[in-house]
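Asks: Here you go, one structure.
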Amino acid sequence: PEYTIIYFNARGRCEAMRMLMADQGAQWKEEVVTSDDWQKGDLKKAAVYGQLPGFKDGDFTLYQSNAMLRLLARNHDLYGKNPREASLIDMVNDGVEDLRLKYLKMIYQNYENGKDDYVKALPTNLGHFERLLASNNEGKGFVVGAHISFADYNLVDLLHNHLVLAPDCLSGFPLLCAYVKRISSRPKLEAYLSSDAHKKRPINGNGKQQ
């Protein structure tokens with residue numbers, strides 16, 4: 001396979017990429033980094049910003065997970081049909097990143113004391129995505145346009161994580177609830193999500209996810 005993910009044993013910031021590649025029928029390798037590997041320092045020095053994940057497309061190496069998603073989107077025609085759609089996809093993905101950062105801050109820095117307040121704020125944060133869905137084909141398809149985009153994979157991955165954290169979090173959002181089920185039931189993606197490669201990989205590196 002031409003693609004390689006360089007990352008710790010976690011879904012983390014790579015699961016949206018894995019979902020995209022699986023759904024698109026792409027093959028990839030995993031270079032799993034242990035904490036001992038990371039502590040040695042060589043991988044950290046090689047990384048542009050001193051952090052993982054890293055990604056290889058043949059002999060081309062890239063860092064920053066959203067840049068990796070965009071590379072895959074360009075490679076697999078998942079970036080809209082025109083510049084306006086591409087800009088809307090970027091806008092949605094930036095919103096996903098905003099919520100992911102809030103989620104990760106709670107998971108890694110304030111899980112015990114911050115989880116309840118985080119879950120209470122979810123209706124506001126998830127409401128943005130419900131309205132975005134409603135504005136495109138009455139919420140019956142994808143978040144932008146008539147075809148799946150990299151932002152769909154990123155959003156569905158983050159929603160999967162939230163359904164583990166707070167299983168009822170989508171109960172007030174019928175469009176998002178149907179959307180997650182619809183995207184997750186695409187045949188190749190469903191096969192991946194049912195596999196041990198997905199199910200046995202922890203969501204977060206510190207084991208805190210519910």
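Every residue, even glycine, has its Cβ placed from backbone N, Cα and C.
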Asks: Which candidate from TRP28, TRP38 does Swiss-Prot annotate alongside TYR7, ARG13, LYS44, GLN51, LEU52, GLN64, SER65 at the glutathione binding site?
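Replies: For glutathione, Swiss-Prot names TYR7, ARG13, LYS44, GLN51, LEU52, GLN64, SER65; of TRP28, TRP38, the listed one is TRP38.
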Asks: Using DSSP, how many residues of the domain 'GST N-terminal' (1-80) fall into helix, strand and coil, respectively?
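Replies: Tallied per class, the domain 'GST N-terminal' (1-80) gives 34 helix, 18 strand, 28 coil.
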Asks: Tell me, roughly as an integer, the mean pLDDT over the domain 'GST N-terminal' (1-80).
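Replies: Reported value for the domain 'GST N-terminal' (1-80) is a mean pLDDT of 95.
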Asks: What does DSSP give as the helix, strand and coil breakdown of the domain 'GST C-terminal' (82-203)?
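Replies: Breakdown, helix to coil: 92 helix, 0 strand, 30 coil.
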Asks: Would you pick out, from the binding-site residues TYR7, TRP38, the residue whose Cβ has the largest number of other Cβ atoms within 10 Å?
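Replies: Of the binding-site residues TYR7, TRP38, the highest Cβ count within 10 Å belongs to TYR7.
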